[in-house]
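See below for the structure under consideration.
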Amino acid sequence: MGFKWMMMLVLCVLIGGSMGAKPNKPIDVPFGRNYEPSWAFDHIKYLNGGSEIQLSLDNRTVKRILSIWALCYAHKMVAGDSAGTVTAFYLSSQNSEHDEIDFEFLGNKTGEPYILQTNVYTGGKGDKEQRIYLWFDPTKDYHTYSILWNLYQIVFFVDEYPIRVFKNNKNLGIKFPFDQPMKIYSSLWEADDWATRGGLEKIDWSNAPFVASYKGFHIDGCESSVNAKFCANQGKSWWDQKEFQDLDTTQWRLLRRVRDKYTIYNYCTDKKRFSTMPKECKRNRDVPRNS
Ligand SMILES: *[C@@H]1O[C@H](CO)[C@@H](O)[C@H](O)[C@H]1NC(C)=O
Ligand SMILES: *[C@@H]1O[C@H](CO)[C@@H](O)[C@H](O)[C@H]1NC(C)=O
């Protein structure tokens, strides 16, 4: 995300190599088992013994950001007028040439649609934004936002729908996030200089606090130390097995449908920014194969 306010200091879970979006059997654990708040502690509310949490953003929030480290296995966005707010969920490594896998939810005026932006950073470089509308109102109910990251691919899921794939094509010289452990973060912040209608809609603080709710904090992955580059049992975990190495036919079809119906922006087709198409685009089937 490379956001200037995003500075987080507290160490939590380090995931090396892989983390799963489709665990064989998801087990919900309390927030505190794997995550810690790193900022604005008094703006986090714990519900149901910590199995649910809420982040809130108001004009008293220190520097107006909130960040916790959390995998939001299920997540409900800020409701009502959320223009100017961004709720994010992402993996990131700490290095200067860092890797990052991002879900960013751009808020909007009451009744106007959220935008879901995804991005992938490899070796410190992002510039791979895609934006879609969701086919539901993310403020009404909990939905599952998850990331499958293994040796072969990164897949972004919204509920059971794959919405984006980034394949490992290192052999073609395409960088793939792999040799640095990542931490899981989630945050809610003020971004009204760019988020809603390109920055036209400002945050209306009279609607504060803005609240995002989370539950079902599930992670599956191998725990890593800061210096370890790879999982000890590389290739042996469930997420590295055949069925997680590529999408199946049905999943490719679902992905195509989401793309065709809900895409707002795709860096792969932005000729103003990229006169030649970035070479991962075809591999990831971000564009029709004959284009
Ligand atoms: C907000 O709503 C407007 C009007 O419907 C729409 O053009 C825009 O894409 C929506 N989302 C954001 C984040 O601006
Ligand atoms: C915060 O918002 C409240 C309600 O809108 C307002 O009364 C108060 O002056 C604001 N405080 C700051 C520091 O902006």
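Placement of Cβ uses the backbone N, Cα and C atoms for every residue, glycine included.
Residues or ranges marked as signal peptide by TrEMBL: 1-20. Annotation source TrEMBL lists domain 'GH16' at 22-214. Annotated active site, nucleophile per TrEMBL: Glu100, in sequence order. TrEMBL lists Glu104 with the feature active site, proton donor. Summarising the annotation, TrEMBL assigns N-linked glycosylation site to Asn108.
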Local confidence of the domain 'GH16' (22-214) - pLDDT mean: 81
Number of other Cβ atoms within 10 Å of the Cβ of the residue listed as 'N-linked glycosylation site' across all protein chains: 22
C-alpha spacing of the residue listed as 'N-linked glycosylation site' relative to Glu100 (active site, nucleophile), in angstrom: 25
Surrounding CB atoms that lie within 10 Å of the CB of the residue listed as 'active site, nucleophile', all protein chains: 20
Among Glu100, Glu104, Asn108, the recorded positions whose C-beta sits under 6 Å from ligand 1: Asn108
Contacting recorded positions for ligand 2, chosen from Glu100, Glu104, Asn108 when the Cβ sits under 6 angstroms of any of its atoms: none
